[in-house]
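Asker: Below is a structure I'd like to ask you about.
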Amino acid sequence: TLALLSAGMVMSSTIYALAGLMRFRISLVVARVLSGLFSGIVLPTQYIGLTVGMQRRSEVIMYYSAAKTLGYALGPALAAGLEYFIKSVRINNLVVDSDTMPGWCMAFVYLSFLVLSVVIFEDPPAAEDAQQAAQITLTGGDRLPILATCAAFWHLCIASAVLTTVEVFSVNMGQQQWGWSIARSALLLAALMLVSGTANIAMGFVTRRLNDRTGLLGSSLLGCAACALLFKYGS
């Protein structure tokens, strides 16, 4: 599955990089749709659920969220570097500049991940999966905790919405209000995502020392306190 998803991401990144050469606007939409289809966002959490025990599951998910958020910091920082160092390189009809280089860069990254997933990744044994599923059935029964599941989905949805809003708002504020370049706006976004990733790592330590509920409540309260800084105070 990982190999298929990685191949799909290589294809979507290549289409994005070739969008300027194809001069077909819909190619950007196609690349974005393929990125969403092959992102495999649920696989890491599923793997954590199958391989990590109940006592450390929330802690490891916090670390996973921190790694993902730090990736959001690394991406804008890399984009700022590409904007600064790469102006324009023409190879026959192929133009490599700050607009197309992110696509080629991500295609190379996912191609490397494809090779690594084939070489070093190990699937959990099928017997272990069956035993884990049987244990969940015996302990939890057939009844799904609807309220708890909705709360978890809501928490995940709001966290993703806040991250997306921060990305768009930071770039627009830097370029339109302050007159910054793409590189400086990307560095601002990278710094903000770095702060968020560091906070997730800290909440992982809190969850390990206390319990799952305390970690979730602490992260939610920390998010509320951070959102309070967005209000306009005074005239």
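Each residue's number is its place along the chain shown, starting with 1.
Every residue, even glycine, has its Cβ placed from backbone N, Cα and C.
Pulled these features from TrEMBL for this protein:
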TRANSMEM  27-49  transmembrane segment
TRANSMEM  61-81  transmembrane segment
TRANSMEM  101-121  transmembrane segment
TRANSMEM  144-166  transmembrane segment
TRANSMEM  186-207  transmembrane segment
TRANSMEM  214-233  transmembrane segment
Asker: Report, as numbers and ranges, which residues of the same chain sit near the transmembrane segment (186-207): CB under 8 Å and 6 or more residues beyond its ends.
Answerer: 58-60, 62-63, 65-67, 69-70, 72-77, 79-80, 83, 163, 166-167, 170-171, 174, 180, 214-215, 218-219, 222
Asker: Are there residues at least six beyond either end of the transmembrane segment (101-121) with Cβ under 8 Å to its Cβ atoms? List them, or say none.
Answerer: 2-3, 6-7, 9-10, 13-19, 31, 78-79, 82, 86
Asker: Using a Cβ cut-off under 8 Å, which residues of the same chain at least 6 positions beyond either end of the transmembrane segment (61-81) come close to it?
Answerer: 44-45, 48, 102, 105, 159, 163, 167, 182-184, 186-187, 189-194, 196-198, 200-201, 203-204, 207, 215, 219
